[in-house]
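Undergrad: Shown below is the structure under consideration.
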Amino acid sequence: MNLLIQNGRVIDPSQGLDEELDLLVENGLVREMGRGLTAPAGVEIVDAAGCCVVPGLVDMHVHLREPGLEYKEDIESGSRAAVAGGFTSIACMPNTKPVIDNKALARYVIARGREAGLCNVFPVGCLTAGSKGERLAEMGELKEAGCVAVSDDGRPVVNAELMRRALEYARGMQIPVISHAEDLSLVGEGVMNEGFTSTELGLKGIPRVAEDIAIARDVMLAEYTNSPIHIAHVSTSGAVRIIRNAKLRGVRVTCETAPHYFTLTDDAVRGYNTNAKMNPPLREADDVAAIRAGLSDGTIDVIATDHAPHHLDEKDVEFNVAANGIIGLETSLPLSLALVEQGVLTMSQLVERMSCCPSLILGLERGTLAKGAVADITLIDPTLPWVVEADKLASKSTNTPWMGQEMKGAAVATIVAGRVVYRR
C-alpha cells in the first residue's frame, strides 16, 4: 500500500522536525517528505489536516497474557488494543504461563504477532530461568530467537550477585535488562501505598522506600559493572531523585513511568476500588509532581503503559486479594497528551517519550520518519473527545480506573510498514 499523507503537522524529534509537511510512503518505507508533494498514480491520499503525524508509538511494557492466560488477553486482542491506542510496536513481558524463558516460546510469541497482522510484537525474555531468581536464563538463545530485552517483570531479582552477573552478561550480549525494582521484605503483605489513605482504609501499606532501595541497588550495580539498565514503572519521588543523580554521574540508566503514576494518587483507592490497585501502587501528590518533573527534565525517558489486563472475576473481589494492574493501551495517549496541554511536555518531547526513546532503548530501528525508514506512523488528533466505554474497548479486559470518563485526544490512524491497520 502506497500513501501520501497530506496537511499534517509532522513531529519527528529524531530529525528535529515540527512543521506542516506531506509524507510519501512507498513499499512500506518513508520515501519522501516535503511541502506540496504530488501523489503518484495509485497512491492513496490521507488527509491529516488538524492532526499530528508522528513516528509510530512504541510501548515497551505490556502484558499480553499469551501463552496460558488467554482468558485475560491474547496476542491478537492485545494487538487490536495497541493499534487503537496508536501503538505500532509493543514489547510483551514474559510472565505468562509458562514464562518466556526459552527460544521456542519467544518464537511462538513472534509468530502469533505476525499472525495477528496488526502491530509489531516483540517478546521480552526472562532474566532468570523460570523467572525464579535462582540462575540466569539463556540470554544468548533468547536474543537469537528475537527477544529485545530480558526481565523478570512482576517480581524483583532478590539476589544481588545474580543481578550483577545478569548485567555483565547482558552487556556482553548487548541485550537490555529491565528491572522490576522492589524490596520484598519491605513490601510484605502491603496492598497499596503506605500513608494516610492506607491507614484510613485499614489496608496494609507498601512504603515508598521499598521501591527506592531496590532502584538504588540496581543503579549501583549498573555503575559498578558499567552496564546499561532500564528501570520499569517508576512511581516515587525518591526513585526519580536517585535516577536523576545517577544520570548526572554518567551511569547508563534509563527508566519509564506509566500514565497512572503522573495522573492518579492513592486517593483513587477510596471505596476500595480494585481498578486502582497495581504494583507499584499509586502514590501521593508529591510523587505525582516528581514524576511529572522527571518527565519534563528528561530524567524519565519513556512513557509505557504496563498494560495489565485481568478478568472481571479477579477484580470483583475484596481489595486484599484482587489482582494488581490495569489496562492502558487505549488510554495512554490521551492521558499523556494532557501533559502537553498542561505545559509539562512539548509535543516533541511527548513523541520522544512514547516513540523515539523506547525504540532506541530496545534497538528496534523504529521511532523515526527519516527517508528510508520503516513507515510506522501514528496520526493523532490531539483534541478529539471520546468516552471510555467497556463495549468499545478492543482489549478483552475492562479493568481501568477511567471507565466512563471523557478523554481528549486519540489516534485517528495507525500505520504499520505502510499499511493502515487502524482508522478511527
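Note: Cβ is positioned from N, Cα and C throughout, glycine not excepted.
Quantities reported herein were computed from a predicted structural model and do not represent experimental measurements.
Straight from Swiss-Prot, here's the annotation block:
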BINDING   HIS61, HIS63, ASP153, ASP306  Zn(2+) 1 binding site
BINDING   HIS63, LEU64, ARG65, ASN95, ASN279, HIS310  substrate binding site
BINDING   ASP153, HIS180, HIS233  Zn(2+) 2 binding site
ACT_SITE  ASP306  active site
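What's the neighbourhood like for these features in this structure?
TA: Counting every protein chain shown, 27 other Cβ atoms lie within 10 Å of the Cβ of HIS61 (Zn(2+) 1 binding site).
Same-chain residues at least 6 positions away in sequence with a Cβ under 8 Å from that of ASN95 (substrate binding site) are, in sequence order, HIS63, SER131, ASP152, ASP153, GLY154, ARG155.
Within the same chain, the residues at least 6 positions away from HIS180 (Zn(2+) 2 binding site) whose Cβ sits under 8 Å from its Cβ are SER151, ASP152, ASP153, GLY154, ARG155, PRO156, ALA232, HIS233, listed in sequence order.
Around ASP306 (Zn(2+) 1 binding site), the same-chain residues at least 6 positions away in sequence with a Cβ under 8 Å from its Cβ are HIS61, VAL62, HIS63, ALA232, HIS233, ALA258, MET278, GLY325, GLY328.
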Undergrad: Would you list the other residues of this chain near Zn(2+) 2 - those whose C-beta lies within 8 angstroms of the C-beta centroid of ASP153, HIS180, HIS233 - in sequence order?
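TA: Result: HIS61, MET93, SER151, GLY154, ILE178, SER179, ALA181, ALA232, ASP306.
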